[in-house]
Amino acid sequence: MKRGHILGLGIIAVAIVIIITSIGDASTYESFSTAKAMAMNGKTEAIHVVGQLKKGQSGEVEGIEVGEDKTSFIFIMVDNDGKEQQVYYNEPVPADFIRSEQVVVIGTYKTEEMFVAEKILMKCPSKYQETDVKPTTS
Amino acid sequence: MTNTFMGNLGHFMVILAFVSALVSAVSYFYYTRASELDKPSWKNFSRITFYIHGFAAISIAFCLFEIIYNHRFEYFYAYSHSSKGLPVHYMISSFWEGQEGAFILWIFWDVVLGLVIINTNKFWEGPVMLVFMLVQAFLVSMILGIVIGDLKIGSSPFMLLRDVSEAPIFQINPDFVPEDGTGLNPLLQNIWMVIHPPTLFLGYASTLVPFAFLMAGLTLKRYSEWIRPALPWAIFSAMILGMGIIMGAYWAYVTLNFGGYWNWDPVENAVYVPWLIMVAAIHTMITFKKSSTALKTSMILVIGSFILVLYATFLVRSGVLGDSSVHSFTDLGLSGQLLIYMLFFLAIAIFLTAKEWKHIPTSEKEASVYSREFWIFIGATTLALMAFQVIVPTSIPVYNAIIEMFGGLSNLAPPADQIGFYTKFQLWFAVALALLTGVGQYFWWNKMTKEDLKNALVTPYIISMVLAAVIITVGKVYDVTYIVIVLAGAFTIVANFSILVKLLKHKTFKLAGGSLAHIGLGMILIGIMFSSGYSDTISINMSGLTYKKDWEDDLNKENVLLWINKPLQMKDYDVVYRGRYKKVVGVPDYVKADAMESLDGVNQALALENIEVKDKVYFQKGDTLKLVLEENSYFKVEYFQEDDKKFTLYPMSQPNPTMGLISSPDSKRYLTKDLYTHVSAINDYEEPEWNDDQFINAAPGEQFFINDFVTQFESADVVKEMDGIPLEEGDIAVQAVLTIMDYDVKKTLKPVFLIRGNQVGKVEHIDHDLGIKVEVDNIVPEENKFVFKVNTYQKDYVVMKAAVKPMINVLWLGTIIMLIGFSVAIFRRFDEFQKMKAKGLE
């Protein structure tokens, strides 16, 4: 076998390792039910859950409890299957949090009752396609 | 009044640019195939159409900027990206905040590059410009804004607001023009955001040049000659792209709240990958010039870098990244068009390469382990694998989109811990690269045998070991991985430095580009290791207040709450928050927000007291102040060490109506470290929700409590004037003087009780810092008592994060040295080109 071939095989081997670990390390999108089942079975790696903040009758966000020193908070999120869940986040409330249309939490269940988010991604009403023009006096 | 002229002119120029690009492409096509006799006339025609195209492209940019500059808010682009309060240099940022502006920028750079090529390169003009004009046609189509039935081609930046918005106001009054625009994204209000996008887009645009030369080489069957003219451009492209990436990283470091220069966000990855491939391409191209090997590899890499730029554009601008990126653009409905653009050039490149594949000369001889070709090839392979490792997981949303297109369902998500995931691979690849550059440089300049290599490497090996040992001891690096990085970094610095010294001895500085760039790489590696690996968050919350749940113990609370004036210990420092400040035009220091009152005009405020800095009065009480962006507040944070004030930082925060709280850190910069302070949450300040009224009876001289503050009722005085205005005849005004000690700060509150005729006026005193509103509600002369009405609110506070980033300057210095290395290399290749041109070869 020529050296070129060995080299080629080596490159292919590294490439395969990369693909396998990428898929192995990839997270998944789950619902709160499946996420809880995973955590109860001892799988504690972080997963993604997509959902919205819990809103009351008139559309106001419900269930946000800010920690006493304002450096953490708890909120209620409803996933796409409609399941409600308390989520804890170890950072101050992001300022546009209440306005978000969609929330993605990345984290895991720490206890049966509490999902702890390591990271929150928010989709807010688009800043670029603002069609809500306020009629000012002109 | 709605102005439609500029928009129509702009739109016309877009169409002209599109048509002229197509005509020019067709013309260059015929020019390439024409007989020698017909060539001059085809050439003339092609050039004329190109110049028309260039004129149209520049006019598009002019029209759009005119609309922004003159605040024509009847246009959607100006309305949604700009506002009256913006200084001119941020209006430039507004220009490319939207995707359309970014495409215009790209089109503009392509025109500039096209002009340079036409005027420097005689031989390759036809086919190269053909590729250029095809690219331009695609790019201009992105801003065409033509709708045929359900088919939308491009998104025009010259749309009127009334055509985009569904706001009811336009049904009542179609000529309605909003007073002000919604403004520029505050994150982009930074000087680096004025220069980062043009640099990056020049980088994007320049990857086209080597690609176009390659396509020309394939069609003209000059399989290897294209390398010569393409090489300096490839180096130029890698340098500019690299510079763009670094500027972006620096911008992220100084403005973004995620607190780092590199976050492995998909948007960042999308630029990093083509850059790696371009760097790999440069190396194989140079190898080919020296020894006629690696031609096919060079071709694949050049195609790869160009296609990957298009793929990056697709990822960032099609909306496919959706929720996986912090800052991807919104979908303008261009995904189909972007996909066609990419696939078109991919197809052409594959077709031409496949067709000519067997004619492309290859070198049969096996590269020896002691040849530079071998080591360069391994280096290029490592770069390609690095790129591969990043692009595979970054594309996860694309796989999901494809699976869903075929009706499947995929729940694959990007890695939860992006930084950890990518670092674990890229780190080792980078170590391998550093070692390869060290060894590779020796092969580069000398023919080597096993013995020679040993002799050549012994000295740098020993020196780098010593250097690494020093760094490890002084920097207290005790982690095995980090030690390996230091060793690899030190080795590449020393090895390349010794080559550099040799080259300088022979007075051939223009050959030093490679070794300089590699020294930069070594420094970058060490700088990243220290600044990221040993980044130390000092704002660890020790209050223990919220540890109600057992699992919270494991979590690091990286934010601290600072009440105004109350000192808090953070590691080696005591920090005190001192309140909100503003920047005022013409005043050299920050000005306390309480010293002014906002006026109706944009960025205007009324001075409530004299504005002084170091005993010099800059504005009198009652003057109108001009603020530098009214929305920005600066939070004064003092750092003490052993009761000595060491320095004061002013991290910025802006409560933005569309984006929430936008924060920009402030750093104390030392040569060896940065102390980085960033605001994560602030008190509502503008319209506090006051608590219920409280009434307090007190006589002068007495003490009482307001909101836990000990309040001293100093005196009650009859005053003759208020706010500098004399009172009317017969008025009786009594001013109560209250003092409050809040830690080391003494506050004086002066509410006034005014009797005019039968009427009573009460002038309240509000202290935002303490969250107190005091009013004299009544005076009971019989008892010599005052009745105070007190409302309280929360004391002002700030929640912040602080971290020490050691050796960050080594990273920045490394990037600068690397860029200098690239520049030297470009100069050398340009010099070569001049000589070839003198001989009439190009």
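Residue 1 is the first one shown; counting continues down the chain.
Backbone N, Cα and C atoms are what each Cβ position is placed from, and that goes for glycine too.
According to TrEMBL, the feature transmembrane segment maps to B:12-30 (among others).
What TrEMBL records for B:50-69 (among others) is transmembrane segment.
Marked as transmembrane segment by TrEMBL: B:101-118 (among others).
What TrEMBL lists as domain 'Cytochrome c assembly protein' is B:103-318.
Tertiary neighbourhood of the transmembrane segment (B:130-149): same-chain residues 11, 14-15, 17-18, 21-22, 24-25, 28-29, 32, 50, 53, 57, 60, 99-100, 103-104, 106-107, 110-111, 113-114, 117, 155-159, 208, 211-212, 215-216, 334, 337-338, 341, 344-345, selected by CB-CB distance under 8 Å and a gap of 6+ residues from either end. Sequence annotations record features per position, and here TrEMBL assigns transmembrane segment to B:130-149 (among others).
Residues 96, 102, 105-106, 109-110, 113, 117, 124, 126-129, 131-132, 135, 224-227, 229-231, 233-234, 236-237, 240-245, 247-248, 271, 274-275, 278, 281, 299, 302-303, 305-306, 309, 313, 345, 348-349, 352-353, 355-356 of the same chain lie 6+ residues outside the transmembrane segment (B:200-218) yet bring a C-beta within less than 8 angstroms of a C-beta in it. Annotation source TrEMBL lists transmembrane segment at B:200-218 (among others).
Summarising the annotation, TrEMBL assigns transmembrane segment to B:272-288 (among others).
Taken from TrEMBL, the feature transmembrane segment covers B:300-320 (among others).
Sequence-distant neighbours of the transmembrane segment (B:332-354) (same chain, 6+ residues past either end, Cβ-Cβ under 8 Å): 99-100, 134-135, 138, 141-142, 152-155, 211, 215, 218-219, 299-300, 303, 306-307, 310-311, 313-314, 317-320. If you look up TrEMBL, you'll see B:332-354 (among others) marked as transmembrane segment.
Among the features that TrEMBL reports, domain 'Cytochrome c-type biogenesis protein CcmF C-terminal' is placed at B:340-542. Confidence annotation: the domain 'Cytochrome c-type biogenesis protein CcmF C-terminal' (B:340-542) carries a mean pLDDT of 87 in the model.
What TrEMBL records for B:425-444 (among others) is transmembrane segment.
The annotation transmembrane segment is assigned in TrEMBL to B:480-504 (among others). With a threshold of 8 Å between CB atoms, the same-chain residues lying at least 6 positions outside the transmembrane segment (B:480-504) that come near it are 427, 430-431, 434-435, 437-439, 441-442, 444-445, 457, 459-461, 463-465, 467-468, 471-472, 511-512, 514-516, 518-519, 521-523, 525-526, 529, 533.
Annotation comment: TrEMBL describes B:516-534 (among others) as transmembrane segment.
TrEMBL lists B:810-827 (among others) with the feature transmembrane segment.
Outside the transmembrane segment (B:516-534) by six or more residues, the chain places 260, 430-431, 433-434, 437-438, 441, 471, 475, 477, 479, 482, 485-486, 488-493, 496-497, 500, 805-822, 824-825 with a CB less than 8 A from a CB of the stretch.
Taking Cβ pairs closer than 8 Å, the transmembrane segment (B:50-69) reaches residues 6-7, 9-10, 13-14, 16-17, 20-21, 24, 75, 77-78, 81-82, 88, 91-92, 94-95, 100-101, 104-105, 107-108, 111, 114-115, 118, 129, 133, 136, 140, 143, 157-158 in its own chain, all 6 or more past its ends.
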